């Protein structure tokens, strides 16, 4: 089995929102990614609507269903509704995505930069996971590779974890990836032993993805946005997506 690519289109919305109006069109960009071979589309709507908005989520849900690819909605399950943002649970009720990835990011964070602390996020998180799974969605929890309680995600009811790969990307860029890869491989093995599927995401790129997949067993899906869109500025969107698909074809999921 080949690791699946879910393209995060948040950065398309950032560019659109910086000018106002409808261009670039998030749905058109997502359609181009799917045509180039992406296996799914990811969005992370935030309460401040800095990029993906509620109407984008609805439109992309319709597109992914029509194209028969997976839709993955990321978000903070604890963030309350506010003007223009109905809350993660309500967005998911309206769209029933194939996967919901829960992320503990605060309103002021520039980007997601840490996973759940299972020593604290327990009872309320378990209740929310149950509510999301009642929609028929697969639930994944964003976690740090060094979290000693990764197996706790299974006890809380999650189906998968998403390994936060920012530290790996930083280590790879500085030529010091080996020790970090060992940490991620161990995390993946612990997750697999607990019966959890393994996703990965954050700062993965054409430069570092192949090395990551070669060292970390069982990665079912990678979610890639910032690097892919950045590379698309030079390569074109179609070519950028195809480059990732080629990397994934060169690696196979192993237990």
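Each Cβ is built from the backbone N, Cα and C atoms, and glycine gets one as well.
In the three-state DSSP classification, residue 226 (3-amino-2-oxopropyl phosphate binding site) falls within a helix. Per Swiss-Prot, the feature 3-amino-2-oxopropyl phosphate binding site maps to 8, 19, 203, 225, 226; the stated evidence is sequence analysis.
Feature annotation from Swiss-Prot assigns active site, proton acceptor to 44 (among others). Residue 44 (active site, proton acceptor) falls within neither a helix nor a strand when secondary structure is assigned with DSSP, and so counts as coil.
Positions annotated as 1-deoxy-D-xylulose 5-phosphate binding site by Swiss-Prot: 46, 51, 111.
Annotated active site, proton acceptor per Swiss-Prot: 74 (among others), in sequence order. Residue 74 (active site, proton acceptor) falls within a strand segment according to DSSP.
Listed in sequence order, 101, 140, 141, 142, 143, 199, 200, 201, 223 are the same-chain residues six or more apart from residue 162 (site 'Transition state stabilizer') with CB atoms under 8 A from its CB. Annotated site 'Transition state stabilizer' per Swiss-Prot: 162, in sequence order, evidence recorded as sequence analysis.
Using a 10 Å Cβ-Cβ cutoff, residue 202 (active site, proton donor) registers 24 neighbours. Residues annotated as active site, proton donor in Swiss-Prot: 202.
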Fewest-neighbour residue among recorded positions, criterion Cβ within 10 Å, set 19, 44, 226: 19
DSSP-derived class (H/G/I helix, E/B strand, else coil) of residue 8 (3-amino-2-oxopropyl phosphate binding site): strand
Residue 202 (active site, proton donor) and residue 19 (3-amino-2-oxopropyl phosphate binding site), Cα-Cα, nearest whole angstrom: 26
Subset of recorded positions (8, 44, 74, 203, 225) lying within 10 A of residue 51 (1-deoxy-D-xylulose 5-phosphate binding site), CA to CA, in sequence order: 44
202, 225, 226 screened against residue 46 (1-deoxy-D-xylulose 5-phosphate binding site), Cα within 10 Å - retained recorded positions: none
